[in-house]
Amino acid sequence: MKLPIYLDYSATTPVDPRVAQKMSECLLVDGNFGNPASRSHVFGWKAEEAVENARRQVAELVNADPREIVWTSGATESDNLAIKGVAHFYASKGKHIITSKIEHKAVLDTTRQLEREGFEVTYLEPGEDGLITPAMVEAALRDDTTLVSVMHVNNEIGTINDIAAIGELTRSRGVLLHVDAAQSTGKVEIDLEKMKVDLMSFSAHKTYGPKGVGALYVRRKPRVRLEAQTHGGGHERGMRSGTLATHQCVGMGEAFRIAKEDMAAENQRITALRDRFYRQLEGMEELYVNGSLTARVPHNLNLSFNYVEGESLIMALKDLAVSSGSACTSASLEPSYVLRALGRNDELAHSSIRFTFGRFTTEEEVDYAAAKVREAVDKLRELSPLWDMFKEGVDLSSVEWAAH
């Protein structure tokens, strides 16, 4: 077993060796290095063929038409293109948007920007289980609502929203639905023939593909219109200009092909690993699972260890690569905004650790990690005067602390 152990698969995944092999064939002079937009020679035609094959592979994972897949640089760009693109195009119909408080920053910062431009945004509060329900969305709908944006799987707590039901509601009310699915490809079944979703964002690097490439699904029937955010050569049917990186697109296509093939078996294996890990911690005092344990992807376990500061626990677990909060906000010492929205107090939000498992995680690693976590938590609690007070039966919420 090699140390440190990587248990942060929701931040990024390593590229699958099969993906790396396919990508390497699109780089060198004797490989498929051409510009897919070069229409006058065989190098361009071959590159275009590879890119279109990859587009088909992405579409097949989510049961979409390849013509509905637009290449982007990642899910952040896809979220921006979908939300700003729709808001601006349909602004004459209305300027009200609905999203949730626990979306990824790529969605929240985009809606904040639209608020500065005069749009009105309603931020839904999830239940304690971390889920956004159709009833919550329905209660917020107005006559001037043009877009609802709700994530499929939450990046911090791994909860799965019932997108099919939310889609039935939005379609019946003539409102467009955007879904950030960066964390769900290869983990949850997605069928865009059945789901009434209008726009969906994807990322390659959360699914064992390369960083720097993603895609946006844009429904053709009924047709969704977007205002482009990047202008140039009119690539991707005018929605997203810029020379396509053949090797990146091919990498994402291969990653999604493997995801489609291996998803059922992989989910079974990873569920067993997560449950094995959790069983070894379950008996600990003041241990809380954040988010629903049932409506959740197998890869994620987000735990709060009360009376232990999350950052100090991460430092104590130097052999484990884990995180508190999402990778995009893990540099901030603020408590997780996702856990605060679930109703967790600051102390519990601060004491949370996200463990995420993946394709290359082994049983041996999981057992080692669980033992290390128990050891570190016990040690840090021994040092904590708050833990002593709690053990003595002091109600810490009623203590009036002296100010300095």
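Every residue, even glycine, has its Cβ placed from backbone N, Cα and C.
The candidate list Asn32, Asn155, Asn290 contains one residue that Swiss-Prot assigns to the pyridoxal 5'-phosphate site with Ala75, Thr76, Gln183, Ser203, Ala204, His205, Thr243, namely Asn155. For Lys206 (N6-(pyridoxal phosphate)lysine), applying a Cβ distance below 8 Å and a minimum sequence separation of six or more within one chain yields Ser10, Thr12, Thr13, Ala75, Ala182, Gln183, Thr185. Minimal Cβ crowding within 10 Å, among the binding-site residues Gln183, Thr243, is found at Thr243.
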